[in-house]
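Noted in TrEMBL for the protein shown:
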type: DOMAIN; residues: 50-464; note: domain 'Amino acid transporter transmembrane'
type: TRANSMEM; residues: 56-75; note: transmembrane segment
type: TRANSMEM; residues: 81-103; note: transmembrane segment
type: TRANSMEM; residues: 129-151; note: transmembrane segment
type: TRANSMEM; residues: 179-197; note: transmembrane segment
type: TRANSMEM; residues: 204-223; note: transmembrane segment
type: TRANSMEM; residues: 243-261; note: transmembrane segment
type: TRANSMEM; residues: 291-312; note: transmembrane segment
type: TRANSMEM; residues: 343-363; note: transmembrane segment
type: TRANSMEM; residues: 384-404; note: transmembrane segment
type: TRANSMEM; residues: 410-431; note: transmembrane segment
type: TRANSMEM; residues: 443-467; note: transmembrane segment
């Protein structure tokens, strides 16, 4: 027999007992802990539950549109026009469906709110398997995403500085090193990160949503206006189309598309900021927010992928900031420095704001450890100290492993793909228990298994690519 404490409503916790050799959860009548409401009110994810549909939209856009989208045109090089658009459309529909599943699983039982992905995983799969499946993906998508944002945002700040301050000028002679830019970025992010809870960051997320939409729209619209440069090709060399190289390139392209859709680790957390009572469920408000945000997201990603591939073809690198690098190389000489500088500035702001929402689950876990052990709310100085510790840790990892982006396909296949495309399907089957071999059971079982298979294939392709091409392991040299 095993037990795990899960929230039953805003006033109590219930102990769920798991029978030996089974993942099925059985509530134990009468066993409750009355102080859950107080504990939840101490933690930054659930400290404030007076969010609105608009604030949820801001959070969804800020977490859902990231610099990973800049690599989408590179995926079309291996897939071609038709299959590129088909795969992008299928991935969008698939992740929208799993988002719908998560929104409806936020209250797995009437009156129960699961505002954290790990808790839902425990309820669905049991305490051992639930933690095994969910903790690494959630940790990577929180801490790992923050590290990648430091690397990308720090490099963007450096590019912005170099564009504004040319060589030979007074400011140009005082350019900082990569480590210094990472430190500047982290310092700004941690200062903003002192906001107390997720709901208080709605204006930060609004800023992130505006800048994300802004720089993506500017890149693809300017690419149309500037026209296609000479020497663009829309196919790989013959040697890259056949054998294991061709298979690996196709899988890597599919991985780029699947990793462009992100934020599923934050769906339950964002929904947890919405109010709920016996007469009002946050499900309808959250789904309205999802529909609005997921109408805007494809309006950014699809033009970026299609126009980017048309404009630059094989000139787009499959790493870094993708289309933005190709645009700077092809049109940097005939585009105003202020325009290019504005794009990099917006990208930097987008990374800073995204850092806040992706760091919030880590902040919540750190404060949970303190609050549950000390039986009281984190004092202000402890909260500041914990967030400084997290910022320092992510800064250290970014400086120590500046090549982490080269490992993104491997880590993404291990964490992002199953969490986004597979686990919600299995959770639905485990919790909702649809009729065996019925429509919902078959659909979710099929999509879940396909997601796991794709995850394994993407991991194999990433390992093959690293073994075949290698990567620059420039430790401590950002």
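Numbering starts at 1 and runs along the chain as displayed.
Each residue, glycine too, has its Cβ placed from N, Cα and C.
Contact counts against the transmembrane segment (56-75), taken as Cβ pairs under 8 Å, peak for 204-223 among the stretches 179-197, 204-223, 384-404. If you look at the transmembrane segment (443-467), the same-chain residues 6 or more away from its ends with a CB under 8 A from one of its CBs are 94, 97-98, 101, 244, 247-248, 251-252, 254-255, 258, 406-407, 409-410, 412-414, 417-418, 420-423, 425-426, 428-429, 434. Proximity of the transmembrane segment (204-223) to the transmembrane segment (384-404) is not established, fewer than 3 Cβ-Cβ distances being under 8 Å for residue pairs spaced 6 or more apart. Long-range contacts of the transmembrane segment (384-404) within the same chain: residues 143-144, 146-148, 150-151, 154, 178-179, 182-183, 186-187, 189-190, 193-194, 359, 362-363, 366-367, 370, 378, 471-478, each at least 6 residues beyond the stretch ends and with a Cβ under 8 Å from a Cβ of the stretch.
Contact check: the transmembrane segment (129-151) against the transmembrane segment (343-363) gives at least three Cβ pairs closer than 8 Å, residues 6 or more apart, which meets the contact criterion. Below 8 angstroms of C-beta separation, residues 44-45, 47-48, 149-151, 153-155, 157-158, 161, 204, 348, 351-353, 355-356, 359, 363, 383-384, 387-388, 391-392, 394-395, 398-399, 478 of the same chain, each at least six residues beyond the ends of the transmembrane segment (179-197), sit close to that stretch. Same-chain residues lying 6+ beyond the ends of the transmembrane segment (343-363) with a Cβ under 8 Å from its Cβ atoms: 44-45, 59, 62-63, 65-67, 116, 138-139, 141-143, 145-146, 149-150, 152-153, 156-157, 159-160, 163, 185, 188-189, 192-193, 195, 198, 201, 204-205, 207-208, 211-212, 214-215, 218-219, 265-266, 269, 321, 324, 386-387, 390, 394.
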